[in-house]
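Asker: Starting off with a structure, shown below.
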Amino acid sequence: MSHQSELIETDIDAYLAQHERKELLRFLTCGSVDDGKSTLIGRLLHDSKMIYEDQLAAVASDTTKHGTTGEKIDLALLVDGLQAEREQGITIDVAYRYFSTAKRKFIIADTPGHEQYTRNMATGASTCDLAVILIDARYGVQTQTRRHSYIASLLGIKHVVVAINKMDLVEFSESRFEEIKQSYLDLSKSLNPAELHFVPMSALDGDNVVNISERTPWYSGKSLMQILETVEIASDKNADDFRFPVQFVNRPNLNFRGFCGTVASGVVKVGDKVKALPSGKTSTVKSIVTFDGELDEAFVGQAVTLTLADEIDISRGDMVVLADSEQTLSNRLRAHLVWMSEAELKPGKQYLFKFASKVTPGVVADIEYRVDVNTFEKSEESAMQLNDIAVVDVQLEQEVVVDAYQKNRATGAFIVIDRLTNITVGAGMAIEALASAAATKGDYSEFEVELNALVRKHFPHWDAKKIG
């Protein structure tokens with residue numbers, strides 16, 4: 001099946017060890033409706049020899065029922081897994097696929113192109129390192145191209161590959177490729193991606209997807225797969241500012257007290273002097289414990305347990321940073337917010353805000369402006385609707401550690417949770433922390449006020465505070 005099938009058959013331990021050492025690249029495909037996103041992923045899997053024979057046979061059978069490619073196998077059916085997607089020939093939900101080559105491991109997020117699924121795309125893009133934006137060579141840059149480029153930029157994706165697809169339908173015209181390239185360059189001036197690539201391709205026939213095509217002799221660049229295998233992403237991670245959100249306090253016996261979590265950014269070493277926020281108490285890292293034994297240092301992405309030389313008060317939701325860090329606490333911040341609920345957002349309504357492992361009540365105090373993701377124009381709004389993106393002022397009841405999202409994606413992101421249904425209704429990216437303000441109580445629902453009164457009446461020993 002794959003490039004490593006022989007190694008799997010002869011030495012599974014060697015294969016697993018080699019696979020574990022490979023660097024992981026997460027990327028998403030996005031573009032206008034029917035630009036060929038799912039077909040491109042199917043082509044990547046097919047040409048990388050990552051499809052089993054029975055899968056290929058099933059797709060060949062489904063092509064006669066749902067396919068849109070005539071006599072050719074519709075590789076998009078490898079990815080469009082929902083029955084509604086196959087019947088409509090579109091992508092609705094974010095579809096994830098996993099594959100690897102000799103050089104890297106990959107997780108692909110195939111995101112929907114329709115405007116009503118903007119929230120789905122934002123979800124898929126939030127963990128990606130690279131975006132593949134497809135453009136139909138016949139139509140050029142479309143409204144949805146602008147929207148997806150803006151969302152990719154907003155969510156901190158630094159590497160963008162503009163895949164100008166269906167070049168076979170314009171006879172692999174170099175002038176058409178250059179025209180679309182210039183049009184996108186004009187668009188990207190306001191988005192400032194760190195790295196931008198352009199590839200002419202035909203996902204249906206495989207031109208410049210995995211292998212360089214003979215039908216584009218005028219193109220001297222890399223194929224899409226070559227770009228995916230070689231793009232430099234290690235430097236994208238914040239290795240300077242140590243951030244460790246505490247997820248769990250591990251106390252199996254009286255002789256051990258460790259703080260479990262995943263290093264969000266930076267590096268920590270045994271002997272480093274650290275500080276716990278919000279308390280501000282300091283101590284020294286005594287040991288770094290993992291399932292496989294103790295480490296001398298831990299870096300971004302590693303799940304570890306820290307033990308400290310001193311008994312200081314740390315609980316779930318606290319943040320451990322280096323002692324000399326100038327990180328400040330704030331209960332007020334300015335942020336981009338993607339609204340994901342059918343119920344509109346009005347300033348002043350109480351929600352829960354989750355930053356890493358920290359959860360605190362708060363409100364959106366003000367909507368500064370809404371961004372039209374199709375034109376990039378700004379407008380004043382009194383409420384946010386489903387799929388809206390706006391810059392807002394958030395006020396929290398407790399102070400939190402937050403970094404600018406563009407500087408640190410792990411500690412600059414947050415989600416908004418409905419207090420009654422526990423459903424995630426928004427995703428936020430911090431722009432900057434503002435000076436702390438007096439904690440705001442927000443607007444409570446009639447049910448919350450009545451429940452609070454009931455608790456205070458019948459359970460006075462709980463010391464519940466009056467609300468509303």
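For all residues, glycine too, the Cβ spot is worked out from N, Cα and C.
Sharing the feature lines straight out of Swiss-Prot:
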type    : residues                : note
BINDING : 31-38, 110-114, 165-168 : GTP binding site
REGION  : 89-93                   : region 'G2'
REGION  : 110-113                 : region 'G3'
REGION  : 165-168                 : region 'G4'
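For each listed feature, how buried is it and what is near it?
Answerer: Counting residues per DSSP class in helix, strand and coil order gives 2 helix, 1 strand, 1 coil for the region 'G4' (165-168).
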Asker: Which value does the mean pLDDT take for the region 'G3' (110-113) in this predicted structure?
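Answerer: A mean pLDDT of 72 is what the predicted model shows over the region 'G3' (110-113).
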Asker: Which bits of the chain, at least 6 residues beyond where the region 'G4' (165-168) starts or stops, bring a Cβ under 8 A of a Cβ in it?
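Answerer: Distant contacts of the region 'G4' (165-168): 31, 35-36, 40, 134-138, 176-177, 200-205, 207, 215-216.
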Asker: Taking each of the binding-site residues GLY31, ASP34, LYS37, THR111, MET167 in turn and counting other Cβ atoms within 10 Å of its Cβ, which one has the fewest?
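Answerer: Least crowded of the binding-site residues GLY31, ASP34, LYS37, THR111, MET167, by Cβ count within 10 Å, is ASP34.
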